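What Swiss-Prot records for this protein:
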- SER101: active site, phosphoserine intermediate (ACT_SITE)
- SER101, ASP240, ASP242, ASP244: Mg(2+) binding site (BINDING)
- SER101: phosphoserine (MOD_RES)
Amino acid sequence: MGKYFGTDGVRGEANVELTPELAFKLGRFGGYVLSQHETERPRVFVARDTRISGEMLEAALIAGLLSVGIEVYKLGVLATPGVSYLVRTEKASAGVMISASHNPALDNGIKFFGSDGFKLADEQELEIEALLDAKEDLLPRPSAEGLGALVDYPEGLRKYERFLVTTGADLDGLKIALDTANGAASVSARNVFLDLNADITVIGEKPNGLNINDGIGSTHPEKLQDLVTETASDIGLAFDGDSDRLIAVDENGAIVDGDKIMFIIGKYLSEKGLLAKNTIVTTVMSNLGFHKALDSCGIHKKVTAVGDRYVVEEMRQFGYNLGGEQSGHVIIMDYNTTGDGQLTAVQLTKIMKETGKTLSELASEVTIYPQKLVNIRVDNSMKERAMEVPAIAEVIAQMEGEMAGNGRILVRPSGTEPLLRVMAEAPSNEEVDYYVDTIAAVVRAEIGLD
């Protein structure tokens, strides 16, 4: 990670850390870096989620892009994967998404996509950071016809919706509960599943700028669980604020997380001979039960650091077509270049329809080990160096010794927030509580801010 860019672009509290001034510079410098080798006038697509700060940052970012002669296509509210899809298929120079994903409304973020629809390489981010830190802005300042033009492009949303529908199956007879998190999916998910002939009920579809991810969506699926049981739905589908992740709920109201979703899609593709190299790419956060289920089906796995960008890097480098995270980021490279919650939902429901199986039946092959994750607020300067604190390193080693191989511990910094995450898996909830609580107590005593 760089000075400004984290694992998923630039993020911070809107108007405090991520200011309009910074957004303008990101537009100006990012646009320049991503389009300097273009032979024709560059085109950049810009979208946002439903946060109250989105329009403020959008205006500043677009001003920066226009100031270096870029033609900007303004998409309005659209899912993050919609941007990557449109950039790639419409042959744009780049795309920019204004969102803080699953974070609360006070935060926002800016992330760039290259012309291939993928997030930026580290080298490109460092080039933008160098311009941000330069003492003087020496970039060209065109005037008159050299300035960029702004184009409203609402057709982008319709094109993305049509793409999603073309990947699915007729869902006639399937009853679906949707939770669009008062976020970007609130403008598209209803249309997509109605076009697929599903019988739908929707919550989290009334964004007001402040209620995005607020007790709702993929990080808060409790309301969706209740809705599924109340409406006797076959499946519940919960997206996050920018709709790049999906958490599902089965017909009994039980959570089906990213691990189980990846297993279901991976097994389906494997049985059809469509799973590239018969391998799924996942992260260190995936549950032991997920690994055991893959082993039982003869499916291979590759494990990366946490963050969908690392999953995508592994997939691109070695030619895999399915990967993701327990949190619900699922990348299906045959269709899109980034995690896509609505695409994943369409594929999951297609599998249910084609197999005639309930979601609980499809997910039953994965027996999840009890897992506990605690987030501890720490100073940003300490979260990367926690393992250098002797007391923390010692307690982790002690707990791992007590596990004797029957479980695992993972202590890692958040890529987007000032948090240290302490996670453990073990055969019982009592053991998990003991391991996590013991380590967390030491972390709080040594470097915690709470």
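Think of each number as a place in line: the chain as shown, counted from 1.
Just so it is clear, glycine is given a Cβ too, placed from its N, Cα and C backbone atoms.
Owing to the predicted nature of the structure, the values given are computational and were not obtained by experimental measurement.
Within 8 A of the CB centroid of the Mg(2+) site residues SER101, ASP240, ASP242, ASP244, the other residues of that chain are ASP49, ALA79, THR80, SER99, HIS102, GLY183, ALA184, PHE239, GLY241, SER243, ARG245, GLY339, GLY341.
Comparing ASP240 (Mg(2+) binding site) with the residue listed as 'active site, phosphoserine intermediate', their Cα atoms are 6 Å apart once rounded.
In the structure shown, the C-beta of ASP242 has more C-beta neighbours within 10 angstroms than that of any other entry among the binding-site residues ASP242, ASP244. If you take the Cα of ASP242 (Mg(2+) binding site) and the Cα of SER101 (active site, phosphoserine intermediate), they are about 5 angstrom apart, rounded to a whole number. The CA atom of the residue listed as 'active site, phosphoserine intermediate' is located 8 Å away from the CA atom of ASP244 (Mg(2+) binding site).
Listed recorded positions: SER101, ASP240. The one with the lowest count of other Cβ atoms within 10 Å of its Cβ is SER101. ASP244 (Mg(2+) binding site) falls within neither a helix nor a strand when secondary structure is assigned with DSSP, and so counts as coil.
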